[in-house]
Amino acid sequence: MAEPSAATQSPSVSSSSSGAESSAPGGGSGSPGACPALGTKSCGSSCADSFVSSSSSQPVSLFSTSQVHDLIFWRDVKKTGFVFGTTLIMLLSLAAFSVISVVSYLILALLSVTISFRVYKSVIQAVQKSEEGHPFKAYLDVDITLSSEAFHNYVNAAMVHINRALKLIIRLFLVEDLVDSLKLAVFMWLMTYVGAVFNGITLLILAELLVFSIPIVYEKYKTQIDHYVGIARDQTKSIVEKIQAKLPGIAKKKAE
């Protein structure tokens, strides 16, 4: 008679144990559900640390990568042509005139267009006796205020790049890596010859022409360019390895 009673008690024990397991969902090791077992304080601190680390590793970008990619690859010919033509005219104007003259002429041209259109619409409304109102009212009503959140996002994005640049400058000028510092020295030495031939505006014009032309050429001849770039990279790597092997400090660091 004792066996049936034990048999009747075992389902209750198993159901209670399963109920205890179901009361702690996700209780596996390493799962988020393990937080209740760690306590409220430790769980909150660990969750906060993980949130901070994940958010800090994803900085806000000032520009969308896809938009820049579409712009330099001429996905929208009208938009790219407008940007390319406007910036090229600006740079050519700065090459011929001073910055003050270029800015003044641009403002005068813009004011000439807007004032002429405003006077024209006023005369038309007076002749037709219509009440259309201000011709630029739709644009005047547009909210262009910058929110504090958006401002802080842009500042944070800029600070990421500034801090990265400062670390790189310190690393190069304090010779953390001798080869990288020598590369900078050789590059600056070559730039002295470039600066003797071209001024800053000319270099900007050439840079714009390259930015808006090289991506198209690369997209068209990608296979051939990748082949020759790979050969040049291998040769450069072998030369750098030979130089590093002859430098005692670098060779000792590699051996360690």
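Note: Cβ is positioned from N, Cα and C throughout, glycine not excepted.
On a predicted model such as this, the values are computed, not experimentally measured, just so you know.
Taken from Swiss-Prot, the feature compositional bias 'Low complexity' applies to 1-24.
What Swiss-Prot records for 68-256 is domain 'Reticulon', and it gives sequence analysis as the kind of evidence. Across the domain 'Reticulon' (68-256), the prediction's mean pLDDT works out to 89.
The intramembrane segment annotation in Swiss-Prot covers 88-111 (among others).
As annotated by Swiss-Prot, intramembrane segment applies to 172-192 (among others), with the evidence given as sequence analysis.
Residues annotated as intramembrane segment in Swiss-Prot: 197-217 (among others).
Per Swiss-Prot, the feature N-acetylalanine maps to A2; the stated evidence is similarity to another entry.
According to Swiss-Prot, the feature phosphoserine maps to S31.
The feature region 'Disordered' is assigned by Swiss-Prot to 1-32.
Positions annotated as region 'Interaction with FADD' by Swiss-Prot, on the basis of similarity to another entry: 211-256.
Annotated topological domain 'Cytoplasmic' per Swiss-Prot: 2-87 (among others), in sequence order, evidence recorded as sequence analysis.
Marked as topological domain 'Cytoplasmic' by Swiss-Prot: 112-171 (among others).
Swiss-Prot lists 193-196 (among others) with the feature topological domain 'Cytoplasmic'. Using a Cβ-Cβ cut-off under 8 Å and counting only residues 6 or more beyond its ends in the same chain, the topological domain 'Cytoplasmic' (193-196) has close neighbours at 203.
Among the features that Swiss-Prot reports, topological domain 'Cytoplasmic' is placed at 218-256 (among others), with the record citing sequence analysis.
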Based on DSSP, tally up the residues of the topological domain 'Cytoplasmic' (193-196) by helix, strand and coil.
4 helix, 0 strand, 0 coil
